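Enquirer: Pasting in a structure now, in structure tokens, and then I'll have a few things to ask.
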Ligand SMILES: CC(C)(COP(=O)(O)OP(=O)(O)OC[C@H]1O[C@@H](n2cnc3c(N)ncnc32)[C@H](O)[C@@H]1OP(=O)(O)O)[C@@H](O)C(=O)NCCC(=O)NCCS
């Protein structure tokens with residue numbers, strides 16, 4: 001129905017006539033310097049290098065310096081992505097940062113990142129979609145470029161999970177690491193980002209969660225009887241529930257995402273699942289019946305689970321190590337706290 005208002009006709013607003021195509025033009029990654037071994041993790045939990053490797057595939061992870069922020073890490077990854085995209089930072093119209101570990105409730109981290117990169121006046125905002133944050137960002141960037149809102153979007157997945165991990169929690173202390181991955185999405189002559197399949201299960205908020213809301217910490221902070229001993233809001237998870245959900249439901253989402261892109265798994269040049277846990281990846285490969293010729297991201301072994309950063313970090317590693325071809329097709333799928341998920345097939349830069 002045409003909108004009307006009393007007395008005066010409603011003018012037609014400017015709107016793009018045709019949709020464009022978008023693709024990832026460049027990827028970048030940053031891993032903090034400090035390598036943390038399983039032995040170091042086991043100083044605080046009753047566990048062993050063997051158990052951690054066998055149950056998660058993690059051999060080492062990286063922890064940022066105490067003074068190193070998510071914006072510092074995002075900046076390093078972004079500079080590489082922008083450089084590889086072959087564009088000037090001034091061409092970027094929007095900055096999207098996917099993170100759940102920026103320690104300020106407000107302001108968002110993205111405006112500061114845009115400023116540091118010398119991007120004049122970009123639209124800049126953060127999104128909170130946990131380990132699926134990067135794939136949510138890619139979907140938004142694709143739509144923004146296709147609709148003509150902007151020509152280039154910088155999408156960053158970055159986490160400093162070491163700040164939010166309880167090093168005494170046996171169920172999560174060995175999983176998480178720190179890092180950043182970034183992508184520049186821009187205009188393309190052919191489709192470079194397939195349809196996104198995404199969703200959420202809002203009745204499963206307790207499966208992966210921050211242990212206490214910030215509001216519960218405030219009375220503790222103001223209570224003198226705590227003598228400065230304040231519980232820190234670490235992330236906790238129900239490991240087995242995450243495992244079952246990822247393997248059964250996410251494998252089906254991955255299968256549907258490939259079909260939605262109009263291809264088969266045989267056409268893939270890489271499978272880049274969120275680096276949650278090596279056993280989850282192995283189970284997904286089986287459920288997908290992934291052909292043996294498709295290389296699979298296994299960055300988790302050396303980088304741990306870096307939540308929103310894990311997919312761009314893993315994909316850039318595969319490209320750098322020539323494990324996957326530039327211009328090839330990759331299936332990427334992120335899933336995590338919410339519970340939320342997002343997946344798409346992309347043309348690798
Ligand atoms: C976390 C995870 C490795 C735990 O493995 P699990 O087999 O489910 O572990 P459970 O809690 O059932 O415990 C099984 C046994 O291991 C022991 N165990 C648990 N944590 C341990 C640890 N860190 N080190 C050594 N032993 C441990 C338990 O005590 C138990 O021993 P028992 O059989 O003698 O009683 C597993 O659930 C998992 O991989 N989940 C997915 C997590 C994930 O990927 N999260 C990312 C979300 S994005």
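A Cβ is built for glycine as well, from the same backbone N, Cα and C atoms used for every other residue.
Note that TrEMBL annotation is computational and uncurated.
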Enquirer: Looking at 270-274, 275-279, 280-284, which one does TrEMBL call region 'ACP-binding'?
Expert: 275-279
Enquirer: List, by number or range, the same-chain residues at least 6 past the region 'ACP-binding' (275-279) whose CB is under 8 A from its CB atoms?
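Expert: For the region 'ACP-binding' (275-279), the sequence-distant neighbours (Cβ-Cβ under 8 Å, at least 6 residues beyond its ends) are 55-58, 131, 175, 242-243, 246, 297-301, 303-306, 310-311, 313-314, 335-336.
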Enquirer: Could you give the Cα-Cα distance between residue 131 (active site) and residue 305 (active site), in whole Å?
Expert: 9
Enquirer: Secondary structure at residue 131 (active site) (DSSP, helix/strand/coil)?
Expert: helix
Enquirer: Which numbers of helix, strand and coil residues does DSSP report for the domain 'Beta-ketoacyl-[acyl-carrier-protein] synthase III N-terminal' (125-200)?
Expert: 22 helix, 29 strand, 25 coil
Enquirer: Tell me, how many other CB atoms lie within 10 A of the CB of residue 131 (active site), whichever protein chain they belong to?
Expert: 33
Enquirer: To the nearest whole angstrom, what is the C-alpha distance linking residue 274 (active site) and residue 305 (active site)?
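Expert: Taking the Cα atoms only, residue 274 (active site) lies 8 Å from residue 305 (active site).
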